[in-house]
Structure formats: structure tokens, C-alpha cells
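First the structure, in the form of C-alpha cells, and then the observations on it.
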Amino acid sequence: MRAPLAARSKAVENEQIREEFFLPKQTANNPRGDMATIDGRPAKYGITLKELRQLMETRGQEGASKIAEYGGVQEICRKLHTSPKDGLSGSKADLDHRKETGLQNKIEGEHKFSVIRACEVLQIPVGDIVVGDICQVKYGDLLPADGILFQSNDLKVDESSLTGESDHVKKGEEVDPMLLSGTYIMEGSGKMLVTAVGVNSQAGIIFTLLGAGSEERKTNIEMEDTPQGEDVENKGQPLPPRPETNTKEKSVLQSKLNKLAIQIGYAGSAIALITVVILIMQFSVKTFVIDQKSWKKFYFSEFVRHIIIGVTVLVVAVPEGLPLAVTLSLAYSVKKMMKDNNLVRHLDACETMGNATAICSDKTGTLTTNRMTVVESYICEKHNKTTPKFEHIPSHVGDTLIQAIAINCGYTSRVMQAEQPGQPSKQVGNKTECALLQFVLALGKDYQTIRDGIPEDMFTRVYTFNSARKSMSTVIPLKGGGYRLFCKGASEIISSKCSFTYSSDGTLQKFNKAMQERLVKEVIEPMACNGLRTITIAYRDFVPKSKEANQSQIRGEPDWDDEDNIVNNLTCLAVVGIEDPVRPEVPDAIKTCQRASITVRMVTGDNINTARSIAIKCGIIKPGDGFLILEGKEFNQRIRDSNGEIQQNLIDKVWPSLRVLARSSPTDKFILVKGIIDSQLTESREVVAVTGDGTNDGPALKKADVGFAMGITGTDVAKEASDIILTDDNFTSIVKAVMWGRNVYDSIAKFLQFQLTVNVVAVTVAFIGACAVQDSPLKAVQMLWVNLIMDTLASLALATEMPNAELLLRKPYGRTKPLISRTMMKNILGQAIYHILDSAFIIRTMGLVSFVRCRNSLMGPSNHYIADQ
């Protein structure tokens, strides 16, 4: 029995007071709710929920000042019984207590986030995040909670989902330390202290207000039925509002079904109208002309009966089971595709893949294994085909190289020991960085020791990797004063910024233009031609008093915002070649696509020689076949006019023969996809599928007919923009999606063939019967049987057939090809004619038996029929 409203309100008020001050709730083990300690720390928190919410409503310098008033992040951490370095203790008692006091986030879903607990970095479901957690945020993350940023590396956030402002907001401890739930990390990385989760976060407050607005429109009774207290307080964190986007054009199947439905509607209406006209004319001529009877009121019911017969014909003509068949086929396919590592987010993407004519695929992780290893290195003018011994490298060069790799790789990237002997070590984080860290271990050194000595909060500046820089740089302070910058990135780009290098004996020497060209031709290009990703590692010192030629003298603090001058005049330490093997199943999958008339293009940020080598190994191109392999720079030159404007006619000269686009940016990918879709070179436009994993891939994924996001390496932004998520990041899963898409089309075509055959026969029989005996041979119950029972069972049978490999041996259906092919039309008409003649013979020779007996039946009524009269 429900409590009175006043009593319920009082209970809610008491619950809010308890949660406001983070008091432990009354339980069987703690009836008074005044537990003194939890794992040795006070049960009561030093800051209230209200204060935290007010804190998170501040922005910019105001927010930084407010944090200072509380004593800084360290003091807030102390009040929340957490540590900015070690995180929460992670003990069950502590976590349970935070959940009891309303500090737990409850978000449904399998999305995970990086947190630090008991000095360890853990991946936990976002629903397990609690106030006091220390979260690691990075490029591409969707923030699940509000928090205070206390360590940042060139962090920029997209807050448009909350503020509507499209510009990315730069975040920093001194500038704007407030991070809000529902916003995206567009650049950089950092750590934040979680201060609000669920409905207490900024996105949650907006969600609550939206809910409150809708509640006002409900009755008092409905309001009384709403769950109160804890259930409402912790109902959950909403996802951020999705930005408005232009509605995509209808899928191929939708367009064809709409066209077919209109045609069937017109045909059925015409036959129904003709039937009504003929019946009314027959009755009128016989009654008023031949029999010369005068008008009587009961004749009106005859006209109504004739109209009902016409409606019956129209009802028979409409394939009522078609929507069920389409829905069943799509739903069944989506369920089965999940087992094939395709998580379908938009239902129409399933059948759209069946008509795909082009796939623009990433290289790393999709065509390759994303299990990277350093297999070649060039250090001190020595080209090593295997891992060199550390003692063979000049000590000062080797020590600097180890330090450069350990510090200038994201601290979230690490190599963990294998779970079982004989298995490869586990790579966590960025795979390229993991390969470099594994190279350090192969040299017999420990990168973690260096990291422990130089934690991230000691970094002076970090220039994070992005598609424009194609490099990452980290600046740290030197013990004797000054700074050291470590840099790693695309070999040809970083080597062009180097002014010094080391000779074979470790002597510093000038790195002139001729030496740079020789390095490219003799080291970088041969590595790339073998399919290796080449990375150059370099450094630069900024000191008050320069002793070495490669040291830059500074006075005061350098202008770290002047990146072009800071990341310049570098000293080259090494060039490494990283192998990322092609997935063994990919060549066969690409051959399957080519047999199915689907063009596969590789769009990658790698060196053109690396891209060419991988494309040949995958089977995308063959030596001497004449297809185009372009770098992003040349691609842009070819598609732009003298004014720098992109022209569709210029794109049309490039894309038909383009197979590999190397050193490309996400913008280049978007331009290519848009150009192919907008092209009118072919009668039926191309249907394009695109893979992407980065935040900046969002526009291309949205523009494509079907966007595939990587489930393992993909960012939250990419997943949000996609239609299908590849849970294994494997190209073969895309081929399976094509097969399921074509199967959907075929299943619906099979059902249509069955349905239209039945409908043609039923309409014709109803029409002929109505005209011959002035009544429909098909009664209401029989109509229901045909339209409900037969159609439903046929839908279940035909819409749930499994696909087979033969589906990939033919071309896509195309946009212009009619849904009902010539073969289908022959089958429908042939079967229909047979059944019409069969039905006419039965009606003519045997009459309409009792259960279909009409007024002018040739046979007499049965005994039970007479008795009923």
C-alpha cells in the first residue's frame, strides 16, 4: 500500500539531507547510520554534495579560483578520501559505502573507462565509477562524469553537446579545470578527479530538468506512481544529446519497397474500382432495364454489398505480410550479425551493405593484426635487422634513446607479461608505442623505472599526436636547469626537422641535406617498401648556457606555444621499422569482395611505400595493374582548381582508378568519400562503406552510406558517428556484413514472390467470382487466413534463411534495378495462371462448397446449412 503523498515527500526530504552530507544509510549492520570509519578512514566526507554541484557549475578562471578556495585539488581529494596519485583504495567496503551514499554512477552499457585504484590503472564499466575516482582521459573519450582536471597534456574538449558552442575549449589546471560529463576529448590527455556522477552531473541535471518538464504534464495520480528517493536520485546518467544531422536518404531497399507499394496500391485500387463498377452495372441493368423494377429502399444494401466486395478485392491486393517480413528479416540478421562481430546501431545499415560497391578501409588493425613489433632499427649509422645489444650502442646515445621512448610514449601505454608461458606479452594502449616500449625491454632496460622517476605531473609541455602533426613531443625539466624535448613521429617529417645526428662512434655531427636524403633513400624507403612503419626518434635541449653544438641557449621560459620553432633543430637518435603483419584471412576476404564487384580502397596515414607494400600483400593492387597510389598532398593537388577549390569533375578523374591513399588526413578521407558518393559517372551512384577509429573520422563515417567504427581501438566519437561497430576490428567482418545485407534483400524478394503470387490469384479469383456470380468466393475468414496465417508463416520461414557463399559471387543489385526481376515476374505469373485456372475449374465444375457457398451456387445447400436457416 502506498504511503500518503505528504509522508512520501518527507521521506524524500530526509533522504536528500542524508545524501547531501554523504551520511551512511541505515542498514541492518548499521541501524543508526553513524558508522565511524570505513577501512580506517572517517565515514563522513569533508565536502557536501551541494558544494560539489555548485563547484562544477563554475567555468574558466572562476572555477580555478573556487578550487583554490577549497585548498586545491589535493585538499578536495583529502576530503573525498582519495589520492590524486594512487586513486581510491579499491576495497569493497569503501566502494560499497560510496554506492550507499549516492556517489555511484549508474549508466547502462558496456562502455569502459580508465581509472586509477590502489596505484593500478584499471578498465572498469562507467557504471562502476564513483565520486573520488581518479580517471585517465585521452583523445576521443566521452566523459562519463564531471570532474576537476589536475594534470593535462594539451587538452581540448568539445562541449557543444552542453553549451552549443562548436569551438573546442582548451583545458588546463590554471585556465579551465572543469571537465563535464557528456563532452568529448578532442585532443590531448590528462587526469581528473571525479566530483559528480549520474543525475548530480551537469548532463544529469539537464536530464532531470527535462524529466521534470514532462512530469508537469502528467496527472497527480501518475506523479504519485513515480518511484521516489534513492531510485530517482540514482536513476542514471544520460547520454549526451546527439547533434542534429541531416537525414540520410532512404536506403536502396526502402526506396524500392516504397515504389512497389505505390504500384500495388494503384493496381489494387484500379481492380477494386472496376469490380465495383461492373457489379453495380450488372445489378442495375438486370434489375431496372431487363426486369424493369422500380427503386426500392432495400436495393441500397445491394449497392453497399457491391462496394464491400470491391474493398475485399483491394484488401486482398495489398501484401499485409510485407512489413512483417522486412522487420523479421532485418531483426534476425542484426541478431546473427552480432555473432559475426558486427554490432548494428542503425537497422537500415544492414541491408544497405548488401548494395555496397566500394569500401574505404583503414590499414592498421583492420587489414593488419595491430600487433606491432620493432624488427629493424637504424642507430648511430648502423642498420640493424635484429634487436642490437645495448652495450654495442654508445652509452650516452643509448641512455637518451631509452629515456626518449619511456617518457615520450603515453603513460597509458604499457607492455604486460603474458598470462601463460610461451604466449606473447600483452600490449595495452597505443600499439605503436607498445612496440617501442617492447623494444626497450628487448634492449634489456626497464622503461617503468624511468617513468617512476619522472611522473606526468613533472612534464612542462606535451604536444600530443594528431593527424596534422603526425608526431608527439614531450618537454621535461633538466636537473641543472633548462629543458629537454623528446620527439617521435613520421620519419620523413621528423628527419627533415633534424639538424644533428650521431656517427657510428657516438660523435655528434651535423645532419645536412645530403645526409637527410641518404637516410630517406637508404634506410626509410627500404623499410617502408618491406611494409614497415617507420618512426624517427629525436630530442632537443634548451639550456641557459649551451656547452654542446646541439644545445639551444635560452633566456627565461621559451614560448612553448610557438611549436614550429620549438620542435625544430632536433638531434636524431634513431629510426625504427615497426612490423604490423597483414591478417592472414584478409587477402581471401578482399578477393571475395572483388568477385562480388566491390572495390576496396585503403586509406591510411602511413608512408606511401609502406601503404603500397601492404596493399600488394592484401591483394588490393597487383604490380603493374596501373591503379593510382597517391599521397594526401598529391591527391589534394589533383582535385583542386587554380583557386584551391575542390571540383567534382576533377575528383571524377581520380577516384575510379584510386586504390591507395597514403599520408592522408581525416579530411582527405571525407573528401574522397563525398566525391565518390556525389559522382554521376555511373548510372547508379556508388554505395560507399567506410571504416574509421579516430575522432576526426566522424564526418567521413557520417557521410558514408555505412560507417564502420572500430570496437577495440575506436574512440567514442567514432562509434557515435558509425552505423555498425566492428567488435573485432577485422576486415573479414565487413565481408560478412555484405553477405548478410544481400541475404536480407534476397529473403524479402523470396517473400515477395510468394506473397504476390498468392495476391494475384486471390484478386483474380475474387474479381472473376464477383463478376460471374455477383459475390466474392473468398469470405472474410478465408481472407484472414490468407492475409494473417499464410503470410505470417511465410514471413517466418523465408525471412530467417541463413546466407550462403553464392551471394558473394554476383554484383550488387544496384539502385536502378527493379525489386521484382524478370525471373521473379515469370515465376509469379506462371504460378498465378496455374492456380487461377485450377480455382476456376473447381468453381465451374463443383460449384462453391458450403464453406464458400454464395447466393447463386450451382449445388444445393447441405443439411446442416438448411437446419441453420
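Here the Cβ of each residue, glycine as well, is placed from N, Cα and C on the backbone.
No curator has checked TrEMBL annotations; they are predicted automatically.
Here is what TrEMBL says about this protein:
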DOMAIN    113-209  domain 'P-type ATPase A'
REGION    223-249  region 'Disordered'
TRANSMEM  260-283  transmembrane segment
TRANSMEM  303-332  transmembrane segment
DOMAIN    776-836  domain 'Cation-transporting P-type ATPase C-terminal'
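Same-chain residues lying 6+ beyond the ends of the transmembrane segment (303-332) with a Cβ under 8 Å from its Cβ atoms: 253, 257, 261, 264-265, 267-269, 271-273, 275-276, 279-280, 283, 347-348, 350-351, 744, 747-748, 751-752, 755-756, 759, 762-763, 766-767, 770, 775-776, 778, 783, 786-788, 790-792, 794-796, 798-800.
Counted with DSSP, the domain 'Cation-transporting P-type ATPase C-terminal' (776-836) comes out as 39 helix, 0 strand, 22 coil.
Secondary structure counts, DSSP: the domain 'P-type ATPase A' (113-209) has 18 helix, 51 strand, 28 coil.
Confidence over the domain 'P-type ATPase A' (113-209), given as mean pLDDT on the 0 to 100 scale, stands at 85.
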